[in-house]
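Data block below; observations after.
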Amino acid sequence: MAKIIWTIGRFGLLLIPLIVIISRLQVEWYWFDQFELGSVYGKRLLLQLGGALFAFLFVGSCALWRQSWLRPSESEKNERSPVLTGYRYGFCLLACLLVLLSVLAIDTRLAWLAWIEPFSLSYWWSLPFSTGWPLLSLSILMLTLIMFGLTRSRRLGLTQVYGSVCICLIVARSWGLWSLAFSIPNLGRVEPMLGSDVSFGLGRFSAIAFGLELVLLQLSLTLSTALWSRLTRSTCLSDWAFPGLTARQRHGLRPGFALVLMSFSGLMWLSRHQLLWTQDGIVAGAGWLDVHLLLPLRSLGSIALLVLAFVVLPSPFSSVRRRQLRLILAFIAIASFGLEMVLFPLMHWLVVRPRELQLERPYISRAIEATRHAYQLDAIETEPFDPSSRLSREDLRDGASTLRNIRLWDSQPLLATNRQLQQLRVYYRFTNAAVDRYQLRPELLERQQVILAARELDQAALPKRSRTWQNRHFVFTHGFGFTMSPVNSRGADGLPDYFISDIGSSERINGNKALDISRADVKKNVPIGRPALYFGMLPSPYAVAPTQIEEFDHPEGDVNTYNHYSGRAGIPLASFGQRIAASIYIRDPRLLNTGVLKPDSRLLLRRDVKKRVKALAPFLQLKGDPYLVSVPMESGLDQYHDDQHQYWIVDGFTSSNTYPYASTLPDGKEMRYLRNSVKAIVDAYNGTVHLYVSEPDDPMIRGWQKVFPELFQPLESMPTSLRQHLMVPSSMFELQVQQLLRYHVTDPRIFYSGDDVWQVPKELYGKTQIPVAPYHITAQLKRSLDSEFLLLQPLTPLARPNLSGWLAARSDADHYGELVLLRFPSDVPIFGPEQIQALINQNPEISQQFGLWDRAGSQVVQGNLLVVPLGNALLYVEPIYLRARRGGLPTLTRVVVSDGSRVAMANDLNTGLEALLQGSGSKDVVVQELDQSS
C-alpha cells in the first residue's frame, strides 16, 4: 500500500508542473487567438522548441563525451603523463574550480535574463548584475550542487545537468536573436573597413557572437567537470598528488580543447567588427590606429588560434615538431593580445596625436555619414531663414493660419485643471494630455489644435474599504471618456475652454464662438459613442466581464450608473476546463468558485496598451506615452467597427547598438540606430491590436516581417481617420535632436575643431530653469506652403543664447516624418528663448505686475515660451498663469508676445499683437522696445 501511495505521489508531483504548463499554453493561445494571431504564438513556440532541441543535441553530445572520457580502461592503467604534486597540483585544482564556478555563475545569470528579459541577451555583458532574490536563490542552488559534488564524480554530474539545462533554456528563449539573424535582409550599405553590409551588425553579429559564447561556456563546463572528477579522486586528495592522465584520456581531451580554441578564434575574428562601433577615439567607429594596428593584430591572433586548434587535434606527424608549432602559435596569439594592450596607447601618443586631423579625417567622414544615416539626419532638408527684425501687418496676414492655432495652454496647467474639475471621483486619473489636431472647421485647410486627455480608472486610488477582490476585478473595470480643449482659447474666468467635458447625462459637447467652431462640427468630427476605456495607459489588473455582477460605468451626480461589457476582448471562460486554466494562469483559485460567471464571461488580460503590444511584438521597443484619439470610423472595414471611436496610438521602435561607425547618444546610452518602424493601434474598448509598418525600408522590421508576415500590415491600409492623427514621436525626435547638436556638421575639419556645436536652449518654467522641450505648432515652413502640424525644437550655439536654427518634424499627409532644418544667419544675432525671457523679466512694468500678484497670494507661472515663424518674422509667445499658492486652479491671465524688437504683455494674444505693431500700450497693455545689442 505504501508503495502504491509513493508511486501515486511521485506521479502527482510530475503531473502538477505539466498541468501548469498546459494551462499557461492554453491561456496564451486563447489570448493570441482573440486577434486571430494564434499562428504567431504557434510559430514562437516552434522556434523555442527547435532552439531547445538543437541545444539539447549539443549538450547531450558534450555529456556523452564526458561520460565516455571518464570511463576507466584497464589496458591503460600504467600509461600515465607526468605526475602533478604540491603547488602544481593545487594550482590545477584552483584553476579548474575557478573555471567551473565562473561558467555556472554566467549560466545562471544568462538563464535568469533569458526567463525575464530574453531580448537583452545579445548585450548581457553590459547589463548591471542583478541581486534580486530569484537570482540569489539560483546562485545558492548552484553553489550547493558544486559543493555536493566536489569529491564525487557521480554527484558532480548534477552540475553538468544544471549547466546544460541553463543552456537549453537560454537557446530556446533567444528565439528572437536567431530568427532575426536568419531573416534580416541586406540594406545595400557596405561599411568600408571589412566590406560587410551594415545588416550584419544590425542582426547577425550579435547572434553569431552569442552563439559562440554559449558554445564556449558549455565546452568549458564539460571539460572542467571532467578534469575535476579526475583531479579530486580520493587517493589524489589524500596524497595531494595526481598520477596523471592516460594516453587515451589525453587524446580524448584534444577535440574538446580544439573546439574551445576554435570558439576563441571565432570570437576574436568577430572582435574585428567590434572596432566598427567602439567609442574610444574622437569619433565613433574604427579610426586610423584601429585599422592599421588593431585590425591586423586581431586577424593574426584569430588565425593563430584557428591553426592551433587543428594542431591540437591528434595527428600522425612528429610530436616534437607539433609541440614546437603549438608553442609558436600560442605565443603569437598571446602576443597579439599583449601588443594591442601595449602598443595602442603608445602609438596613439607618438603617431596619431601629432597629426590627428590628417590621419583621422577619412574616418571622421565615415562616422558623420553613418551617424546621420542611423538617425535619419541625412534626410534633413535644410532651408535658410533670415527673419525680419520687426513684425508687420503683412506677416500677420501671411501667418493667419499660424495665429489661429498659437498654443496658449501647456499640458501641465490643463492637467492640473482637469484633475480638479474633471476627475469627478477619487479613482479617476488624467495621467497624460496629448496635443493633436482635428478638422473642426470644414472651410479651413488647417486643423484645430486641441489637447485631449483620457479619463482612466486608477485601481490604486480606490478607497481602502473598496479594494475588495470583487471590486477590483468585476466592478471597477474601466475608465470613462476624455476631455478635449482648444489650445488657443480660455473662458471668461481664465480657465480652459472645453469642446468635450464631463460624463454621462452631464456630458457637454460645445462649440467655440471665438474660434468660429460649431457644436455640430465638434459632434461630427469627434464622435464619442461608447467611451468606456477598458484598455489604457495605467497599469490595471485582470478583469472578468461580463458577469452577473454589474460593472461600474460612470457617475450620474451622486448616483452611479452600471453596465455590462459587450466587447470582443478576452479569453473565454465558458467551460470548466477554461476556468481551471485561467485560474492557474492568474494564480487565483477564487475564479473557480466565484459563482457569478456566465457562458459569455471573458478574462481580460494585459490591459496596459504598451504591455499588450509588447506581448504581440516583444522585439519592439515602446518609447514615449501612447495617446488617445476619438475618430469617426468609416463603415465596411473588416478589422474595425463603425460604432467604436476611441483608439490608442502606440509608437514601436527598432534599435541597435551595433551599427557600424555610428555614434552613441551624448548621454552615454548605447544606441547607434533607431527607427520608428511600427505604429500600433489599440482599440480602447475591444482591445484589438493592429501593427502597421511605418518604415518599410528598415532592414530590422523587414526581417521580422519575414518571420511573422501575418503580424504586420502596410501603413497604407490604416483607416484614413486614424492616419490623420499620426505624429512623429517626440521621444525619437528628442534623440535625433541630441545627435544633430554635433552631427549637423558634415565637414570633418569643422567637426574635429568643435567650433560649430549646438545646444538645446533653456527657459524658465514657473521658478525652474529647464531645457526647452520640443513643442507642437501649426505653422507654415515657407510662405508658399500651407500650414501644417509640426514638432519644433529651437537650437542655439553652445554656450551662447542666440538662435542658430530650428529642427521641424512634419506629421501631415504625404510629408509625414520629413525633417526640415531652418538655419538662421550666423552674422545677425537672433534672440533665443533664454534671452527673450530675461528681457521679459527685466521689464519694470511686467516685473512689478508679477510682484503685485505674488504679494496678493498668487503664484506666477511663466509657461512654455514658443518661438514660431510668422510670415517673414519670428513671434515669441509666452502664456502667464496664476495659481493660488495652496493648490488653486491655474488660470490663463496674460499673454506676453515679442518679435525681437519689442515685448508686449496683454490680456489676450490679439491685443498683444496689435500693441507690438503700434508700439504703444494702454492701461492693461505693457509695451517696451528691446535693446538689439543684448
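For all residues, glycine too, the Cβ spot is worked out from N, Cα and C.
Residues or ranges marked as transmembrane segment in Swiss-Prot (evidence: sequence analysis): 2-22 (among others).
Sequence-remote contacts of a segment are chain residues at least 6 beyond its ends whose Cβ falls under 8 Å from one of its Cβ atoms, and for the transmembrane segment (45-65) they are 25, 160-161, 163-164, 167-175, 178-179, 214-215, 218-219, 221-222, 252, 255-256. The transmembrane segment annotation in Swiss-Prot covers 45-65 (among others), and the record cites sequence analysis as its basis.
Residues 139, 142, 146, 159, 162-163, 217, 220-221, 224-225, 227-228, 231-232, 236, 240-242 of the same chain lie 6+ residues outside the transmembrane segment (86-106) yet bring a C-beta within less than 8 angstroms of a C-beta in it. Feature annotation from Swiss-Prot assigns transmembrane segment to 86-106 (among others); the stated evidence is sequence analysis.
Sequence annotations record features per position, and here Swiss-Prot assigns transmembrane segment to 129-149 (among others).
Per Swiss-Prot, the feature transmembrane segment maps to 165-185 (among others).
What Swiss-Prot records for 208-228 (among others) is transmembrane segment, and it gives sequence analysis as the kind of evidence.
The annotation transmembrane segment is assigned in Swiss-Prot to 251-271 (among others) on the grounds of sequence analysis.
The annotation transmembrane segment is assigned in Swiss-Prot to 300-320 (among others).
Per Swiss-Prot, transmembrane segment is recorded for 327-347 (among others).
Comparing 165-185, 208-228, 251-271, 327-347 for CB pairs under 8 angstroms to the transmembrane segment (300-320), the maximum falls on 251-271. Packing against the transmembrane segment (208-228) from elsewhere in the chain are residues 55, 58-59, 62-63, 65-66, 69-70, 92, 96-97, 99-100, 103-104, 106-107, 121-122, 150, 156-157, 159-160, 163-164, 167, 170-171, 174, 177-178, 181, 253, 256-257, 259-260, 263-264, 266-267, 270: each is 6 or more residues past its ends and has a CB under 8 Å from a CB in it.
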